[in-house]
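Remarks on the structure that follows.
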């Protein structure tokens, strides 16, 4: 079994080896979680999703994916804490016993699936690796870590874009490793992302990975056949904005005003989840804008850590609306970072100027009301 010090870091360690095991373990966990979530969608029946107190939908897929990823990460890196989106409090209710057993069955199906060549037996995957309902709850609740800016920790967003998942649209399975408050490994699985935009019903599914100072890559959904990623340059007038489908997640009206200030002609491209970061890294869109719909909202670190690293390693920039770097060492949220702006480095300063101008207009309107 590996530990959190599998590859000792010294001044002589080749950079390409840093986080090599962490990266491949994350790819394996994301791949298996993608398979699990797709199966959940295909076999979903009424009663397999319910609503948390914040009114966001939670599905069997969310819980199963977090339990599966947590199980693999904890097996290989037992000393590393985990910050996950979900907790298992709902699953201790007697009324949820049937759902818990359903989740357990799905998790075990993902854990016991045949190993690919890059997956190791001592990761506790493959035949004979079943876990119990209690272990499923423990794996989910392992994600309760409070975060911070010292040491290693993993983030898990088991299904980013749950509403997109429920409607058969875009969603993402997201994992990152953060060291001293900075993402150093990020992996995102997008099972529904088309290979060809002109054939959206054709072949689908990609996995994306990035490692600090080692670049970004795109893989098949099996985590094979890597293709390096580099964001293409774009002229300011040709920018396509990527934004959330749900207006409650990001202000569409604000984004529209920024588009006007940038004098953009192309319509926005809407999709759920960190699939927007992945599309941006491939050049399918050029600017991801996410501005909060209320002033007290704080972005969650699992919603942006892997995507921010992916864009940085693909040659772009990710900041808040003031041009400041996102701080992943403040806890479970980004704190007072206001909004998220991701785009190519060559247009970033112009975008920030337009965002600030739109914010100033909003403040002036508020004074008049």
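Backbone N, Cα and C define each Cβ position, glycine as well.
Taken verbatim from TrEMBL:
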BINDING   85, 157, 159, 160, 303  Mg(2+) binding site
Filtered by Cβ under 8 Å and at least 6 apart in sequence, the residues in the chain of residue 303 (Mg(2+) binding site) near it are 157, 160, 174, 274
Residues lining the Mg(2+) site besides 85, 157, 159, 160, 303 (CB within 8 A of their CB center) are 156, 158, 161, 162, 172, 174, 273, 274, 300, 302
When each of the binding-site residues 85, 157 is scored by other CB atoms within 10 A, the minimum falls on 85
